[in-house]
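Below is one structure. I have some questions about it.
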Amino acid sequence: MRLLTSRATRVPSPSGLLCAVLAMLLLTPSGPLASASPIEAAEAAVVRELRCMCLTTTPGIHPKMISDLQVIPAGPQCSKAEVIATLKNGKEVCLDPKAPLIKKIVQKMLDSGKKKN
């Protein structure tokens, strides 16, 4: 004896429905959308990822090329300190925090910040 006729539709089982929902969630992008407003994009840039920002470092750069310097101490996101310089042309470059020239540049920027306050 057959319970389903050929015209009857089958309802997916709960496990099949669960798999479909999980697949949809995995395929949905989790990052900010390209249509985000500039303010939302700036807020998203403030949030740091939980990994090292610098994969490669540059041992030296002329200090006059640097417009801004960011020092990120070692922490749970990365086991080493990172120095990121924003150049006057807008590029960001990772600098080697152990290089003597970079240590001097960081110290000079820290000293100039203390004099302004």
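Just so you know, glycine gets a Cβ as well, placed from its N, Cα and C.
Owing to the predicted nature of the structure, the values given are computational and were not obtained by experimental measurement.
So Swiss-Prot says this about it:
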- Cys52-Cys78: disulfide bond (DISULFID)
- Cys54-Cys94: disulfide bond (DISULFID)
- 1-36: signal peptide (SIGNAL)
Whole-number answer please: how many Å between the C-alpha atoms of Cys52 (disulfide bond) and Cys94 (disulfide bond)?
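Given the Cα positions, Cys52 (disulfide bond) is 11 Å from Cys94 (disulfide bond).
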For Cys54 (disulfide bond), just give me the three-state DSSP call.
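It is coil.
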Where does Cys94 (disulfide bond) sit in DSSP terms: helix, strand, or coil?
strand
Would you kindly give the Cα-Cα distance separating Cys54 (disulfide bond) and Cys78 (disulfide bond), rounded to the nearest Å?
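Counting only the Cα atoms, the answer is 10 Å.
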Count the other Cβ atoms sitting within 10 Å of the Cβ of Cys54 (disulfide bond), across every protein chain shown.
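There are 19 such Cβ atoms around Cys54 (disulfide bond).
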Provide the number of Cβ atoms within 10 Å of the Cβ of Cys78 (disulfide bond), excluding the reference atom itself.
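Excluding its own Cβ, the number within 10 Å is 17.
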